[in-house]
Amino acid sequence: MKDELSRREVISGVGVVATAGILSQFLATEAHAQPKEPGVFAHQLPPLSYAEDALEPVIDKETVKIHHGKHFDGYIKGLNAALEKLEKARIEGNFDNIKALSRDLAFNGSGVVLHWIYFSTIGPKAGGAPSGKLADAIKRDFGSFETFWKQFATASKDVEASGWGVLAWEPFSKRLVIMQAEKHQNLTSWGAMPLMVCDVWEHAYYLKYQNRRAEYVDAFANIIDWKKVEERFERYSK
């Protein structure tokens, strides 16, 4: 029951994953998704499916090491802390700090989801263009793959301050959409399910590209694992 409460709390607070099946899926796939004991959450960093230097020359080994091992892990720890504080608030019946706790949950929970998608939909020997039903949907909704990529790349490059470019499936209109996310949780659309994301926080590219975000986004096209993106599309567009 406590675990189910924690999951509902996550779902209510994570703006970017509106439908929130994504965060539930992340928690379910972890080896340590269950609390060790009531009020103690131990979600842990999922390992990379490729070596830290496998994304070179697009992303250097040191960036991958820091981005995955420090930043992604930091959001997981932040999510654990937010869930623990919310659990304590429920036990004590004290919700005086609910605004800050909800903000922490949305920020860290969204950060976990987006980084999980980011690292699981890029890889070595990738790039190119999608095929199958996803390719058909991109042509239908954007006119061509070239037009899609131009819009996605421009949206990613033009995110104000820190955030993400997001390709998502919008289930109400049953169409693909491109969105910008500021921070992790702002400027998103409730219900849209992210399929592929480009992290444009400086920690994702600064060691190699410095302030050349546009160059990083252009190079990012070469590490998108479209087969993984297609799998997500097949899952969420049913």
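Glycine too: its Cβ is placed from the backbone N, Cα and C atoms.
Curation does not apply to TrEMBL; its annotations are automatic.
Taken from TrEMBL, the feature domain 'Manganese/iron superoxide dismutase N-terminal' covers 43-121.
Residue density at HIS203 (Mn(2+) binding site): 15 other Cβ atoms are found within 10 A of its Cβ, drawing on all protein chains shown. The Mn(2+) binding site annotation in TrEMBL covers HIS67, HIS115, ASP199, HIS203.
In the domain 'Manganese/iron superoxide dismutase C-terminal' (130-232), helix, strand and coil residues by DSSP number 49 helix, 25 strand, 29 coil. Here TrEMBL flags 130-232 as domain 'Manganese/iron superoxide dismutase C-terminal'.
Cβ-based crowding with a 10 Å cutoff singles out HIS115 as the top-ranked of the binding-site residues HIS67, HIS115.
Around the Cβ of ASP199 (Mn(2+) binding site), a 10 Å sphere holds 28 further Cβ atoms from the protein chains shown.
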